[in-house]
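A.B. asks: Straight out of TrEMBL:
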{"type": "TRANSMEM", "residues": "71-89", "note": "transmembrane segment"}
{"type": "TRANSMEM", "residues": "95-115", "note": "transmembrane segment"}
{"type": "TRANSMEM", "residues": "185-204", "note": "transmembrane segment"}
{"type": "TRANSMEM", "residues": "210-229", "note": "transmembrane segment"}
{"type": "TRANSMEM", "residues": "328-348", "note": "transmembrane segment"}
{"type": "TRANSMEM", "residues": "368-390", "note": "transmembrane segment"}
{"type": "TRANSMEM", "residues": "411-434", "note": "transmembrane segment"}
{"type": "TRANSMEM", "residues": "454-480", "note": "transmembrane segment"}
{"type": "TRANSMEM", "residues": "492-516", "note": "transmembrane segment"}
{"type": "TRANSMEM", "residues": "536-558", "note": "transmembrane segment"}
Amino acid sequence: MAEEDNYTKDGTLDYRNNPANKKKTGTWKACPFILGNECCERLAYYGMSSNLLVYFTTQLNQHNATASKNLSNWSGTCYVMPLVGAFLADAYLGRYWTIASFSIIYVLGMTLLTLSASVPGLRPTCYNKDECYATSSQTAVCFLALYLVALGTGGIKPCVSSYGADQFDDADEVEKDHKSSFFNWFYFSINIGALIASSILVWIQVNIGWGWGFGVPAVAMAIAVAFFFSGTRVYRYQKPGGSPLTRLCQVLVASLRKYRVAVPDDKSLLYETADAESAIVGSRKLDHTNQFRFLDKAAVEKESDHNKGSVNPWWLCTITQVEELKGIIRLLPVWATGIIFSAVYGQMGNLFLMQAEYMDARLGHSNFQIPAASLAIFDTISVIFWVPVYDRLIIPMTRRFTGHKNGLTQLQRIGTGLFISIFAMISAVILEIVRLRIVRRHNSYEVKVGPISIFWQVPQYFIIGCAEVFTNIGQLEFFYEQAPDSMRSLCAALSLTTTALGNYLSSLLVTIVMDISTRDGRPGWIPNHNLNYGHLHYFFLLLAVLSVLNLGVFIVVAKRYSYKRAVGTLR
């Protein structure tokens, strides 16, 4: 049998009509390779990035505000590049080859970063352990490596979770029920990698050296690539459906061209293919919805739309094609409410670290120092704790009250996480107020490490971890399920851009508050050299207020949201 004969018309591997393919491929048989890949890739990413702020300030000799902005900009880019990878995956390469090719770029970036921190001439010149100087060319090599990593993540982040979910057949109720559980365990595997990164690898960077600290993550990324390719024979594949952006533009152009045409009340009069399957490769037909009815004009048939038996899609679009655009528009308000949450989440690798630098990092009365970045381990422990609790306890308990098979709807789950995240910022505010009071009481403004344990940061990390289990996993599942079938990578990338915009928002807020708060010679909220003279708690309080406002907007958006419904399904 030829390879193409294994595929159905919609582009999926024919495991539904071919029992041999169904038994051999997909479901939990394929997931260990995908989860193993994700675990190692996240170990590499977090192992390299968790302590970058410290690397910028101590090795590249950057000021606090500059380092914070550079980190936010780079982190943001890591979550914008998935739009590129997702477009290539949905339109041309498919998810498998997108992951494979961008993984190579990722490994190259990690290798170059390791060389920039270990090879004489490329690494900064250090006079003492944390007193270094980097030339402009050395800094450029470092950032070239980092942005190669950002490009590599662009092909992996939007595709891996969707590719894992693709291994479960939506037409098979048994397999479909496992899909929600997959997203929980997918996020669990992310945090196993992050746990190792924020503990062992951060310790290596602080106590052994940055060459080893970046080299081990580079090896972990190579192992991630090996994991992925090992599962090639058991994966289920989906063919790319052509450029989704072209299809969306066709709907806009066709509806504008027919702006004077009336939309019939009878939706059956709108254009759709006669076949049982959609004309769009890899997509099911979608039922008509009454929202954004102006776009329905693109599906109103006119005699001039048919030219010698063929249809010009720039003049006439199918209902499914129109509903794809409507679905993307419906996602946007939910997407926008994730930006503030991402700004809160991003503080773990940013200003939480800066706060920790002024606290006692000793373990008990010993001389053993806890690296500031290692506190992120408590966020990871929180996630590892809450994922099985949610999967095994919260879902059955809430199911009794809601009647929903997953306990909470995807939007309810996201909203719960947004609510919980507010308390993370409140916790950070309280801690900083207490720390500054101790500084004032002892008049120890010039003493960097105050008599307050770094472990008082644990509550804010643990709360964010709990919020992640609700919001981030809820978003993964929501954007996969509500995306048009042939745009799932693109919508996964869209959800990831909230992290990018959250980082950019954080960077913008830092710029604005520093511009305002440093007038008249004042040190500002986040001073360059001594946080004891600043008001970091004001910044955390600002994020808490924005989070409250954001939750209110989300509640309004969620109440008005209409879930996607494929033809022949209940939802």
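Every residue, even glycine, has its Cβ placed from backbone N, Cα and C.
Distances, neighbours, how buried they are, the whole picture for these features please.
C.D. replies: Counting residues 6+ beyond its ends, the transmembrane segment (95-115) has Cβ neighbours under 8 Å at 41, 44, 48, 85, 88-89, 122, 141-142, 144-156, 159-160, 162-163, 166, 211, 214-215, 217-218, 221-222, 224-225, 228-229, 232, 235, 237-238, 489 in the same chain.
Counting residues 6+ beyond its ends, the transmembrane segment (185-204) has Cβ neighbours under 8 Å at 31, 34-36, 38-47, 50-51, 161, 164, 212-213, 216-217, 220, 371, 373-377, 379-381, 383-384, 387-388, 391, 468-469, 472-473, 476 in the same chain.
Within the same chain, residues 33-34, 36-41, 43-45, 47-48, 51, 55, 59, 99-100, 103-104, 106-107, 110-111, 113-114, 117-118, 123, 193, 197, 201-202, 204 sit at least 6 positions outside the transmembrane segment (210-229) and bring their C-beta atoms closer than 8 Å to a C-beta of that stretch.
The list of residues near the transmembrane segment (368-390) in space but at least 6 beyond its ends in sequence, with Cβ under 8 angstroms from a Cβ of it, reads 46, 50-51, 53-54, 184-185, 187-188, 190-192, 194-195, 198-199, 202-203, 205-206, 348-349, 352-353, 356-357, 361-362, 454-455, 457-458, 461-466, 468-470, 473.
Remote same-chain partners of the transmembrane segment (411-434), defined as residues 6 or more beyond its termini with a Cβ less than 8 Å from a stretch Cβ, comprise 334, 337-338, 341, 344-345, 347, 352, 355, 402, 452, 456-457, 459-460, 463-464, 466-475, 478, 536-537, 540-541, 543-544, 547-548, 550-551, 554-555, 558, 561.
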A.B. asks: Using a cut-off of under 8 Å between C-beta atoms, tell me which stretch among 328-348, 454-480, 492-516, 536-558 contacts the transmembrane segment (71-89) the most.
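C.D. replies: Looking at each of 328-348, 454-480, 492-516, 536-558 in turn, the most contacts to the transmembrane segment (71-89) are made by 492-516.
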